[in-house]
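Peer 1: Relevant sequence annotations retrieved from TrEMBL are reproduced here:
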type	residues	note
SIGNAL	1-27	signal peptide
TRANSMEM	67-93	transmembrane segment
TRANSMEM	100-120	transmembrane segment
TRANSMEM	126-143	transmembrane segment
TRANSMEM	148-165	transmembrane segment
TRANSMEM	171-187	transmembrane segment
TRANSMEM	194-211	transmembrane segment
TRANSMEM	366-386	transmembrane segment
TRANSMEM	393-414	transmembrane segment
TRANSMEM	420-439	transmembrane segment
TRANSMEM	446-467	transmembrane segment
Amino acid sequence: MRRARVVGTWPPLIVALLLLVACAALAWPGIAAYDATTQFAQAITGRYDDWHPPIMARLWSLFLKAGAWGTAPMLLLQLVLLWSGLAMLAVALRRARAPIAGWCVLAVGLLPPVLDWMVVVDKDCQMIGALACAIGLVALFRLAKRPLPWWAVIVVAVLLAYAMLLRANSVFAVMPLALMWGGWLGLRRWWARIGLLLGAMLAVIGISGPINHGLLGADRSGVQYTLPIFDLAGISDRAHLAAMPGLSDADWAKAEQLHCTTPFYWDPFADPARCGPMGNGLVSDDNGPPPLFHNWIAAIIAHPLAYAEHRAAHLNSTLRIVTPPDEHSAAAPFQTPENLYNVGAKASGATVALSRVAGAIEETPIGVPAVWLVATLAIGWVLLATPRQPARTLALSLAVSAMLMTASFAVVSIASDLRYHLWLILSTALAAVLLGGCRRVPRGRLAIAAGAVVVACVASVLLRAGAPPMRY
């Protein structure tokens, strides 16, 4: 009996290993996103800033010191984390007598948005890998109704900490997982749990600065100004102000002429050939600290409707609700941009084909975060009525994590890249698989939830087909 159980774990492990090798070979030694090329330069020079997560550049520097050059070690890291996590989850489901669900877990790693981006070295892909590995390790014990041993707790904590430091808003995804996996520290009442979650997230946000600037030695780059600039521009445009606070009437008129304000992203204010001079003027500290944060808060208070319209327009853009199917920044790059150190994979027939196929699929509801959000809400609703069991508990943690991170985009997001929603896609798909591995799932709710997802898919196709062109 024991031998049969051990032998039964090998098939998903072998398949996961083969898929890992295939993914690595597809774009070896790894396509570096533009952001990653700047992080590699920091790892080479030893001069770090906080525009991109310094934890990733610091880790990269350790690989360089060990003699591992280029993008290959970071590509292998994120792929090993992803596929080992999926393999552990698949094994856990097989041991829990849900073998079909186990195979479906491995199929999740082949979802076009996931596969397309996971061969690209990028902070979002590193985060996905770390979280997937943590999920798999937790599942290996929890689905067997066993507590995590001390070493597994340490590994999971390290993975969650790494994921938390890779994105400014990853705290909204990571803390729900940590607290739900930790049993909410014994708290039973919903209001106490919400208070604990809010307090924990605020604490993490509070210590992230000292970690990045102190422990990791990153200089301040001005990244903290991007959200206020984006919001101030949106408020000023929608409230029809004579000028954006911090800019002269003439500069604001020029900014409007150049279409510096767009719901899609804040980037025009960082483009030297477009609106960069206005952006630089907003953060200039020649006469003391810039009043940008004061102007930002004051504008939100004075024009709450304009702020709400601006954030709603951006949420529409990033969730791809009423936007054209060919909205930018969906497919992953198929080659590394030119860079000083000439690292990263160049274009190949395989990467070009993957990008084209994934890009076409990502124009369908599969590439629409709003559809995935409906799916995770529907799954969560079904899980609430499902009897308590290990698979249900783990699935619910994934659904809550996906919901909260997606909700954070309503207030802290400044760009609409599809890769920002990879966690929503992966966690929703895994929650669906875990739901499939649950027993005594309420069929009525399941049918309604499935219907809601179908309606969301149809609505997405219709809304996007009639959407006006995007302004970039």
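Every residue gets a Cβ built from N, Cα and C, even glycine.
For each feature listed, report its degree of burial, its nearest neighbours and the pertinent distances within the displayed model.
Peer 2: The list of residues near the transmembrane segment (67-93) in space but at least 6 beyond its ends in sequence, with Cβ under 8 angstroms from a Cβ of it, reads 9, 12-13, 16-17, 19-20, 23-24, 27-32, 36, 40, 56, 59-60, 99, 101-103, 105-106, 108-109, 118-119, 121, 125-126, 128-137, 139-140, 142-144, 159, 336, 343-345, 391, 430, 433-434, 437.
Using a Cβ-Cβ cut-off under 8 Å and counting only residues 6 or more beyond its ends in the same chain, the transmembrane segment (148-165) has close neighbours at 53, 55, 81, 126-127, 130-131, 133-134, 137-138, 140-142, 171, 173-175, 177-178, 181, 204, 208, 211-212.
For the transmembrane segment (171-187), the residues of the chain that approach it from at least six positions outside its boundaries are 131, 134-135, 138, 142, 156, 160, 163-164, 193, 196-197, 200-201, 204-205, 208, 393, 396-398, 400-402, 404-405, 407-408, 423, 427, judged by C-beta separation under 8 angstroms.
Using a Cβ-Cβ cut-off under 8 Å and counting only residues 6 or more beyond its ends in the same chain, the transmembrane segment (366-386) has close neighbours at 111-113, 318-321, 330, 392, 395-396, 399-400, 402-403, 406, 418, 421, 424-425, 427-428, 431-432, 435, 438, 440-442, 445-446, 448-450, 452-453, 456-457, 460, 464.
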Peer 1: How about the transmembrane segment (126-143) and the transmembrane segment (446-467): at least 3 CB pairs under 8 Å, pairs 6 or more apart in sequence, or not?
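Peer 2: These two stretches do not touch.
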Peer 1: Could you tell me what the rest of the chain brings near the transmembrane segment (446-467), counting residues at least six beyond its ends with Cβ under 8 Å?
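Peer 2: Distal contacts: 320-325, 364-365, 368, 370-371, 374-375, 378-379, 381-382.
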Peer 1: Please give the sequence-distant neighbours of the transmembrane segment (194-211): residues at least 6 beyond its ends with Cβ less than 8 Å from one of its Cβ atoms.
Peer 2: 164-165, 168, 171-172, 174-176, 178-179, 184-185, 187
Peer 1: Using a Cβ cut-off under 8 Å, which residues of the same chain at least 6 positions beyond either end of the transmembrane segment (393-414) come close to it?
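Peer 2: Residues 135, 138-139, 142-143, 168-170, 172-174, 176-177, 180-181, 226-227, 230, 265-266, 311, 314-315, 318-319, 369, 372-373, 376-377, 379-380, 383-384, 420-421, 423-424, 427-428, 430-431, 434-435, 438 contact the transmembrane segment (393-414) from elsewhere in the chain.
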